[in-house]
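Scroll down for the structure; my scribbles are underneath it.
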């Protein structure tokens, strides 16, 4: 009998060794596998045979003090256990009453440094709205929401154990981050006092119609504080020379006026470059769509050479305006691109993904390229053989420490493939001047986010390089109607992502057609003030 038992034991031992020898599995298990396989003997602290009961969060962690494994037994989920444990370590360690402990674990109040807070407060102590954690505007966040899963929406959190408690990045471009007033668990106070600035209602001032073209006041100082020069001064005569001046506008002394029907309003001549500046007046809102004006429907391409009239002086603007918008590989060959018809059809739904653009379908597309480190900076548009139009924030935006000069960037024109030099197609050019709109408002709502860049030498046009047209106000009113589509092109990220990664960037130029949105709908969709210099699409 003893011999039989010995043989059986030997057989079992051999089988076990053979199984271990032949096994291909790793020696170490994942956290979840380990927790599911290792059975801890439960404590019998309270009551008869408690160790035989199923894990219970109330009993294990609230009535008593538990460890991570005991919490996992009760929750049976690693994700839920991790969320609970991050709060439990804060709440339990402070030795508060059960009522305070429950409130702390609920996460709608803060204890200690507030790492437990999981509520939805999304404003700072000054009343400023918080920036969404996954957004890069107006500030580039230093905390990745994929690593810190508690960083949800724009809710206040404390990912860096800030001594003042939960905080957030703000929607104010001039203030990167600020702490939030979070209720303290069990106390009648907040982590920091809530002290929003007292805002007096703005007085209802009479507005100036027609962008100040009828203005006859005596304002003679610009928005930057510069003193206006008399209109009969030599410098004023030099600035006015060659402009389309309305003879009905009386240029008196050095008072701000709008003699050339500038859409930005009244201005005057100054003694500092660029020798003019705008004056600060309160203008009446003007609609992008003139309700009293009717336009014929568009059934084909909106502009033909017979209809188009040049506006700019070629001496300063450069050449290309007379032939702008006529693509050598399409209009000149009477060929339509694959999605051109879509621009003219009424939309049936929002387009959320782009397609590869055809070679030469956007010959005015420009790539702004940073010299050091070498990287794609922004897109832009060629408007003549010497001038390029881009967004001002591509060149100047203090919250991102961005203030680029002509020495920092070069332009690549005629490109289609993003990361490859295209011999016989693209041309690389230098800049000698950057002009950012003098009323570019990066501090509030990015109004007038526009800039001009002047090429050091004129560029030669080709099948792949050709300027786009700048529309007149009438053309804008005709085309910018709700439902009409516009085209967006570029080499930006193909999906929303935390950081720019080559794997998320397209190989070739992308394009997408998006419908223009009604201006009232546009304004209602955002808290940012939408001016008549802006529109929504998508």
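Just so it is clear, glycine is given a Cβ too, placed from its N, Cα and C backbone atoms.
Taken from TrEMBL as is:
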type	residues	note
SIGNAL	1-23	signal peptide
DOMAIN	44-90	domain 'Gla'
DOMAIN	108-185	domain 'Kringle'
DOMAIN	206-284	domain 'Kringle'
DISULFID	207-284	disulfide bond
DISULFID	256-279	disulfide bond
DOMAIN	351-538	domain 'Peptidase S1'
Worksheet item: DSSP helix, strand and coil counts for the domain 'Kringle' (108-185)?
Response: 0 helix, 14 strand, 64 coil
Fill in: Distance, residue 207 (disulfide bond) to residue 279 (disulfide bond) (CA atoms, angstrom)
14
Worksheet item: What are the DSSP helix/strand/coil residue counts across the domain 'Kringle' (206-284)?
Response: 10 helix, 13 strand, 56 coil
Practice prompt. Report the same-chain neighbours of residue 207 (disulfide bond): residues 6+ apart in sequence with Cβ closer than 8 Å to its Cβ, ordered by sequence.
Written response: 282, 283, 284, 285
Response to the item:
Going by C-beta under 8 A and a gap of 6 or more residues, the same-chain neighbours of residue 256 (disulfide bond) are 212, 215, 217, 219, 220, 222, 228, 266, 267, 268, 279, 281
Worksheet item: Looking only at Cβ atoms, how many others are within 10 Å of the one on residue 284 (disulfide bond)?
Response: 12
Response to the item:
Looking only at the domain 'Gla' (44-90), mean pLDDT returns 68
